[in-house]
Amino acid sequence: MKIKVIVFLLITHFTSIYNVLVNKTPLNIDTLKIEYLTNPIGMDVLKPRFSWVLEAEGRNRYQTAYRILVSSSQEKLNQNEGDIWDSGKITSSDTNQVEYGGVSLRSHTTYYWKVKVWDESNTESSWSETAHWSMGLLKFSNWKGLFISHDVGYDKTDKYDSLYLPPARYLRKSFTPKKKIKKAIAYTTALGLYELRLNGNKVGDDYFAPGWTDYNKRLYYQTYDITEHINEGENVIGAIIADGWYAGYIGYGLLVRLDKVREYYGVNPSFMGQIHLEYEDGSIEIIPTDTTWKSSQGAICEADILMGETYDATMENTGWDSPNYDDKSWETPKVYTYPNGKLQVHPGNLVKNTERIRPIKITEPKPGTYVFDMGKNIAGIAELKVKGLKGTKITLRFGEILKRDGNILTENLRLARATDTYILKGDGEEVWQPKFTYHGFQYIELTGFPGKPTLDAITGLVLSSIQTDASTFSSSNEMNNKLYENIKTTQEANFFDIPTDCPQRDERLGWLGDAQTFMRSASLNADVASFMSKFLIDVDDAQRWYGAYPNFAPFPYSRPNQYAPAWMDAGIIIPYNMYKVYNDTRILEYMYVGMEKFMEFQADASTDFLRPGGGNNWGDWLSVNETTSHDFIGASYYGYDAKLMAEVAEALGKTADAEKYKTLFQNIKTAFAKKYIQENGHTSEDTQTTYALALYFDLFPEHLAKKGASRLAEKIENNGFKFSSGFLGTKHVMLALSKYGYYDIAYKLFKQTEYPSWGYSVVNGSTSIWERWNSYTKDELSNSDINSKMNSFSHYAFGSVAEWMFINAVGIDTEDSGYRNIIIKPAISKEMNFIKGSYKSINGTISSAWNWGKNHLNMDIEVPTNTSAKVYIPTSEVSKIKESNMPLNKNPDIKVLQSEEEFTILKVGSGKYAFKIKT
Ligand code: BGC
């Protein structure tokens, strides 16, 4: 006994000495970003926001002050000369959303910055590494280029029954620098899509530039540093341009025979830009797009996002984008007028090739028809490698699944032709990938291939605007681990400049219902701060004049009344989550006027605080066996909006507005309860979704909420632990069950493999999230909706369970905004042996893991530097809890806040904690 005490004392003694020593280590500064980006070039935010992430050994480590230096050169910054901005020592714990406060930033200028911080004992850190950014062209007068293109004529009369697919346009300009170059920057854009070329190579690694916007309101340009690629003597800059979203086919326009089926923004794609050559003597020469450029057609004969690309290599103008090319046969480009939209820097993330994948199998379902299995359902393109005779024509078609006979299923692509064609030039090995189309696929069908192809004939290029590297998740249930992978794969496939509903059929639109329901999940899988900031500009641009947000954004169609409850509410739910996750109040300010207008629209549409269904209502889209009324959905989302608006107004310091929305919420809640909630705690419609929405949105009267939750649990149990809910209800069923402590039931749903459930898709071999609960079954193709034309296998909406997986199963949430005050409250249940996960928040990586030991429960957590957490331990007996094998009352790092019925709530500072709870 005595020995035990001595050992214990020694351990505690050494731990505290260790901590004292360790606490002396200054804070380490990492992940420097500006406007959510790492060293961006070309930016037009005049007061950009800085962020950094702190790391430190030990516990309770935090920042008490910072100092930022911004210099006009690396040399000045090295000498600690902040000639642009020296913030001085600012007493603050902020490490993000820190606004630039120096002199006015200038066009076409690079800035260098670094930061140092002081910790809890006022110990100064060393300077961070240097980061930098550069400004784009901030004034209209900076622009010298003309919008130019090649005239390919126009010969389309039939709108609906044959496709019109004009060829790509090629532009080139030869130039010779007059002196030694110090820096060369290209500022470029297009109405349409473009690829910039310099001396035979692609410039940058972007795809689908300049991105999709309402081109009547804004057009984004790109900035490329091309210094390294400029040669002495002749250089050639070139551009290939195609219709893209500007002039090509978009969405279901052709399918439903809208008045316009393409050319929603304009008819002729055109390119504009300029190169700034900065010579060593400080002089600048600008090479703008103008009529001294040359234009022509080339090998890309067809290029359309939905329909595919045709490349005739026999028509290549070999060397057209390199020096020493004879362009005598090329024409003078046609000049187009400037668009009405503002020229701006793309605030989000352009599409990139995030992964190259090798096929895993080739089959030959028909002689000469080869099907490549890429192993997972992605969005992207195929790179073809082939050797053969000149004029050989290879056709590539794409599908997400195979029919029984082994051929690809294409019915669900509807009118997206999704076909690429390559015609060989016949001079040895030819490697080709399309530039202006993409497909949603797991399988590629190849016909016309000379001989029998081997696996290396095809490489899959995953295209996405994001990388799903913000979180990790693993559990004792393998199916759920696969589900997590599938959610990420599907998010990557659909975060494609905008959050699309699906990447394969003739749709690929920024449907707002899907986006709002998935927003929080999206932020947990990937850093979507700038991606969603960009999308919110699209949402704001698309708002109807009368206040409703439309069904999708951008909204190119001129159709009236295109709005629906739970879809239009994205205009409030997404900005709210940007604030919650990234502590971003600037986006709230940007959206606020529109959000208020939307609330007025809803007030106007309501009778006695109840908003009816209205618009072209989709209800609880794709629910099964139960239908929730459109009016219920309209009314509940209106209540949720009011609740969120009160928080948004508060965050913006608009106290009177916050009060206004709090009152509105109470009024809605009262009216809602009167109409929809009965005294026995049942909803009048008694569907899973009605309980889920009303409970999660706090619309149940307080005295009936527990009864409502118990009825939801009972209904789920009666339904064999399966869903009857659709896009709107499903994630809220999980969130509502956990909110009221029904953890076991939530896990039974989570682990379910019978239809309808997530597990059903996983056990049926899915690598992605399906649009429908029953999109496909392995054994019973005929009983499924497999041939439905409305059946996508890459639809993230049902993947919105990721929100519950992190907030509840792993148990990581934010109490305030931006994860400064963290909540660790895992839903611990015997239904799982263990769950562990981590999330890279804007304030650092948070992790939480729990598992069952023999007579105890283990909870291991990590709280990032400069944050603190409330930890919910599932016992009311403090004496049962140990941390690092020490009772809590011996542990100075841990404060017991409260010990109640089910939980003991602890407050901890940064650091790692290992809890052991006696069971
Ligand atoms: C889309 C959905 C969307 C829905 C509206 C569909 O065509 O694919 O995801 O939300 O329309 O009901």
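Using the three backbone atoms N, Cα and C, a Cβ is placed for every residue, glycine included.
If you look up TrEMBL, you'll see 179-353 marked as domain 'Bacterial alpha-L-rhamnosidase N-terminal'.
Positions annotated as domain 'Alpha-L-rhamnosidase concanavalin-like' by TrEMBL: 365-463.
Among the features that TrEMBL reports, domain 'Alpha-L-rhamnosidase six-hairpin glycosidase' is placed at 469-807. Mean pLDDT across the domain 'Alpha-L-rhamnosidase six-hairpin glycosidase' (469-807) comes to 95 in this model.
The domain 'Alpha-L-rhamnosidase C-terminal' annotation in TrEMBL covers 811-884.
The stretches the domain 'Bacterial alpha-L-rhamnosidase N-terminal' (179-353) and the domain 'Alpha-L-rhamnosidase C-terminal' (811-884) do not meet in space: the count of Cβ pairs below 8 angstroms, excluding pairs fewer than 6 apart in sequence, stays at fewer than three. Applying DSSP to the domain 'Alpha-L-rhamnosidase concanavalin-like' (365-463) sorts its residues as follows: 6 helix, 52 strand, 41 coil. Here the domain 'Alpha-L-rhamnosidase C-terminal' (811-884) is broken down by DSSP into helix, strand and coil counts: 3 helix, 41 strand, 30 coil.
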